[in-house]
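Chemist: One structure is given below, represented as structure tokens, and several questions about it will come after.
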Amino acid sequence: MDFDWLFLVEIFLAGLGAGGLYALTALAFVLIYKATRVVNLAIGEMLMIGAYLCFGLATAMNLPMWLAIVVAVIASGMAGAVLERVAIRPMLGESPIAVFMVTVGLASILVGVVELVWTSEPRRLPEFMPNTPVMIGEAFVPPKVFYGFLVAAALIAVALTVFRFWRGGVALRATASDQQTAYSMGINVPRVFSLSWTVAAMIAAIAGVIVGAVGGISSTMGVFGLSVLVVVIVGGLDSVLGALVAGLFIGVVESLAGGYLGGEYKLLATFLILIVVLMVRPYGLFGTHEIERL
Amino acid sequence: MRIGTARSSYRHDEALFDSRTQYAWLAILGVALLGFPFVADEYWLYLACLVAINIASATGLNILTGYTGLVSLGQAAFMGIGAYTVAAFEQKFGTPVLLNLLAGGFVAMLGGLVVGLPSLRVKGLYLAISTIAASVVLHFVFANWHSVTGGHSGITVAPAEILGISFDTSFRLYWLFVPITIMMVIGAANLFRTRIGRAFIAIRDRDISAEVLGIPLLRYKLLSFGLSSFYAGVAGGMWAYFFRVVTPESFPLLMSIFFLAAIIVGGMGTILGAILGAIFMTMVPEALKLIVGWLPLSTDATLILSPVRTIVFGALIVGFLVFEPLGLQEIWRRIRRFFHLWPFRA
């Protein structure tokens, strides 16, 4: 039998590239979840806002691309803080479902804003990544995917280091593990909430710029968030490690399904995995198993 | 001030409507519903039919989410099952309309039972996400099961026909949809006066306690899923007869969010809430169309309509959850209470 190994390897590598972006976005998601216990369905839309801000700054204001990215990321961070303060903070103590629905509403608002400002037509981000083809062994990897993966991996490493050693990161982890104790140790918990949304929005914006550079931007790119949702559920909502592993895993599975079965099988494959994981390990691969008591 | 409503028997206490005033208002509502088609034009009849369909589906979702506390983002997909069943029955067998609608309900119910299976294992958000998964899978089935669903191009549905009368205008469909919806709403209202409905409420309030009290969780959760998707299926069937073409894109995830938004805006866990919410959420886009049309804009009004609608949709969800978590129904109750107590308490 004549099996095209090269094709498999190329698809696998492309999947890893996409998986890197999933892992990065999932990291932003987990950050919010750990600190504030909010399941943020608007993560895909935060990605989109980041990408569109960058697009707007680069085209309408003619900033150089690197500056546009930096400004867009900072602006997204501020937007994240504002969202948290205006829409999420008042919901403190409400049922998780209510907060979840608030983020659904936010997602809708963000999509509307983007369509209002930039219309719903798909756009292309200006080119900013090297264009020379990348070969790993004999396999060809699209350069954008390759550099996107590098950026994602680097950013994840930076984020993890920061949360390990920086004071704010320690405060965040303390809040995540026990809110009340964190409070009584003098940690300003509401500020940690703001911080987590700000940082998550910034990470999402960077992911958005990369996703936009690879596949173009449009007002429906929030669908990316659905796959990220699968990633975090599979990995376990409160597990950073889970987000990273599941991100790569889902990326590869999606790529294999798309490459061998056809594009419409991508979402189907990821969601079938989701169903299986929910049936077998409802709290995800690495998530904390919460025990319910009466 | 309302007086003379002391309840002297259990029957009276359990009654759906307990005062003459309420019966009088119901009678007025009935007359209004009967008279409406004769005074309204085609556009308003179209809206009325749409509202009827949405009320039926929102009431179904309310049984599941509002009363049993199981959040579902799959309502649109269940409507899709109903719509496809009706379309396929109509096209392949030409069976009577009411039978088709019932079949749509039952097939959707089966789908609901399958989707509900994980509900004992996972709950809350995880369940909501597993229903998203179900709707993705169903969308795939709709798009790819060519022999039954006609793939991406979908199925065209012949106009409903009962006793030789063809229901091809909104005027005629009104007389089909509104009675069905009223029956379904009354059915739901009565459900919560029975053992089953009470069990649902117990599960919503604390499922572990409910189990301790002797309510078999799996059976009742599945029952709730089944009932809710039956409602969705019938609503979907009506949808099929209304729009007369069913495609996989007819029932997007956004539509499920729409129904969840409708019961949140209306008020979860009340019959009136689902009705008010469905009416409100259906009318808001139309009202926006009017408002945007009035605004003196330099650009094309239709261009900004769709984004504005999306923004308002999201803002309504966020706004109601933050400022009026009990929904329109609570506003309605406040107004009623004001008149009940008037002139003694403002």
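Just so you know, glycine gets a Cβ as well, placed from its N, Cα and C.
Reproduced below are the annotations present in TrEMBL:
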TRANSMEM  B:21-38  transmembrane segment
TRANSMEM  B:44-63  transmembrane segment
TRANSMEM  B:70-89  transmembrane segment
TRANSMEM  B:95-117  transmembrane segment
TRANSMEM  B:124-142  transmembrane segment
TRANSMEM  B:173-192  transmembrane segment
TRANSMEM  B:222-242  transmembrane segment
TRANSMEM  B:254-280  transmembrane segment
TRANSMEM  B:311-328  transmembrane segment
Chemist: Are there three or more C-beta pairs under 8 angstroms joining the transmembrane segment (B:21-38) and the transmembrane segment (B:70-89), sequence spacing 6 or more?
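Modeler: These two stretches do not touch.
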Chemist: Please work out whether the transmembrane segment (B:95-117) lies in contact with the transmembrane segment (B:222-242), by counting C-beta pairs under 8 angstroms that are 6 or more apart in sequence and asking whether there are at least 3.
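Modeler: These two segments touch.
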Chemist: If I count Cβ-Cβ pairs under 8 A between the transmembrane segment (B:254-280) and each of B:44-63, B:124-142, B:311-328, which range comes out on top?
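Modeler: Looking at each of B:44-63, B:124-142, B:311-328 in turn, the most contacts to the transmembrane segment (B:254-280) are made by B:44-63.
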Chemist: Given the transmembrane segment (B:173-192), which of the listed stretches B:124-142, B:222-242, B:311-328 has the most Cβ pairs that are under 8 Å apart from it?
Modeler: B:222-242
Chemist: Determine which residues of the chain contact the transmembrane segment (B:124-142) at the Cβ level, with the cut-off under 8 Å and only residues 6 or more beyond its ends counted.
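Modeler: Same-chain residues near the transmembrane segment (B:124-142) but 6 or more away: 70-74, 76-77, 80-81, 84, 111, 115, 118, 149, 247-248, 251-253, 256.
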